[in-house]
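**Q** Let me give you the structure first, and then I'll get to my questions.
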Amino acid sequence: MNPQIRNMVEQMEPDIFVYYFNNRPILSGRNTVWLCYEVKTKDPSGPPLDANIFQGKLYPEAKDHPEMKFLHWFRKWRQLHRDQEYEVTWYVSWSPCTRCANSVATFLAEDPKVTLTIFVARLYYFWKPDYQQALRILCQERGGPHATMKIMNYNEFQHCWNEFVDGQGKPFKPRKNLPKHYTLLHATLGELLRHVMDPGTFTSNFNNKPWVSGQRETYLCYKVERSHNDTWVLLNQHRGFLRNQAPDRHGFPKGRHAELCFLDLIPFWKLDDQQYRVTCFTSWSPCFSCAQKMAKFISNNKHVSLCIFAARIYDDQGRCQEGLRTLHRDGAKIAVMNYSEFEYCWDTFVDRQGRPFQPWDGLDEHSQALSGRLRAI
């Protein structure tokens with residue numbers, strides 16, 4: 001450790017960690033930023049060569065932020081280890097501000113032998129366009145070095161507790177809403193960084209063969225439009241995709257369907273009273289419970305219209321059909337995806353690398369057959 005660097009501590013107190021690493025998306029009063037770091041060689045199985053903590057205030061000059069303190073320390077440390085390749089991991093209570101994000105991007109461009117993964121507890125000023133652009137420059141691949149940014153989940157919080165907190169042997173106890181807040185922040189970061197889906201994931205999960213089996217995940221792609229002068233205007237800041245959360249004793253014990261994760265996300269957008277149209281493209285139509293909750297949402301939000309295009313119809317031989325009828329009766333438009341919707345999703349939500357959408361055998365026939373089933377419902 002370098003004793004000349006100020007504001008470095010060996011471990012933080014448990015109450016400090018619990019207070020500052022709270023992952024509630026909107027919080028006030030957390031004006032100190034904590035950054036826990038680990039430096040490793042490219043051998044991920046080895047122990048960290050260096051691990052410690054920086055802290056700094058949000059509002060003084062950027063040089064006082066913990067990200068800048070880390071860069072100052074690391075550049076000095078790096079002079080003694082010039083030829084090695086290193087993997088650096090940060091666990092940060094707030095994501096970097098605009099100036100810090102730009103400085104980190106410059107640092108990575110100057111030292112391509114360093115890779116950086118940033119786990120953040122919360123997103124800082126994520127609604128500001130200049131901040132969004134700075135994070136995209138930092139994280140998006142453009143033929144050169146870039147950072148990987150992720151939202152802290154249970155495993156990362158537990159790791160920080162074990163490695164950076166003076167817990168006196170006590171286990172980490174997550175907050176009740178940690179998994180829900182993680183889902184919201186994960187989706188928001190995906191919107192901000194414009195995450196895209198792997199092509200294989202799309203073709204596997206959105207294949208519309210009626211007899212497909214083994215697809216236990218539901219993917220939901222979405223876009224939002226606002227009415228302006230009798231025209232629907234696409235809101236690029238609210239466009240992305242979600243999938244259902246699998247059962248997890250540290251997350252959602254019973255799992256959480258993609259539709260419910262999406263309903264959790266919408267209030268986070270803070271839409272005003274203008275007219276909005278939300279369009280979902282789902283790999284499966286909603287189950288009964290999700291359909292009921294979506295129907296309740298549009299009944300309580302008359303300024304939001306809902307369109308659902310499903311690749312396949314989910315039917316558990318139970319009340320799914322009743323749920324779809326309720327959703328339709330309460331004003332939602334429900335349809336089966338055809339070629340144009342599949343192509344739109346491919347062009348918009350998939351990392352297609354410039355490749356055009358290639359329909360699979362029977363796409364049109366399956367779409368027509370499923371449309372007939374939906375009309376009968």
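Here the Cβ of each residue, glycine as well, is placed from N, Cα and C on the backbone.
Note that this is a predicted model, so its numbers are computed, not measured.
Annotations for this protein, taken from Swiss-Prot, read as follows:
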ACT_SITE  GLU259  active site, proton donor
BINDING   HIS65, CYS97, CYS100  Zn(2+) 1 binding site
DOMAIN    29-138  domain 'CMP/dCMP-type deaminase 1'
DOMAIN    214-327  domain 'CMP/dCMP-type deaminase 2'
REGION    209-335  region 'Necessary for homooligomerization'
REGION    312-319  region 'Interaction with DNA'
SITE      ASN244  site 'Interaction with DNA'
**Q** Counting by DSSP, what is the helix, strand and coil composition of the domain 'CMP/dCMP-type deaminase 2' (214-327)?
**A** 33 helix, 39 strand, 42 coil
**Q** Of the recorded positions HIS65, CYS97, CYS100, GLU259, which one has its Cα closest to the Cα of ASN244 (site 'Interaction with DNA')?
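**A** Comparing Cα positions, the closest of these recorded positions turns out to be GLU259.
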**Q** Select one residue from CYS97, CYS100: among these binding-site residues, choose the one with the most other Cβ atoms within 10 Å of its Cβ.
**A** CYS100
**Q** Rounded to a whole angstrom, what is the C-alpha distance between CYS97 (Zn(2+) 1 binding site) and the residue listed as 'active site, proton donor'?
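**A** About 32 Å separate the Cα atoms of these two residues.
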**Q** What does the DSSP secondary structure composition of the domain 'CMP/dCMP-type deaminase 1' (29-138) look like, as residue counts for helix, strand and coil?
**A** 39 helix, 32 strand, 39 coil
**Q** If I restrict to non-local contacts, at least six residues apart, and a C-beta distance under 8 angstroms, what lies near HIS65 (Zn(2+) 1 binding site) in its own chain?
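**A** Spatial neighbours, sequence-distant, of HIS65 (Zn(2+) 1 binding site): VAL33, GLY56, LYS57, LEU58, PRO96, CYS97, ARG99, CYS100.
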**Q** So if I measure Cβ to Cβ from GLU259 (active site, proton donor) and keep only same-chain residues at least 6 apart in sequence, which ones fall under 8 Å?
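**A** In sequence order, THR218, LEU220, CYS280, THR282, PRO286, CYS290, LYS293, MET294 meet the Cβ cut-off.
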**Q** If you draw a 10 Å sphere on the Cβ of ASN244 (site 'Interaction with DNA'), how many other Cβ atoms land inside?
**A** 21
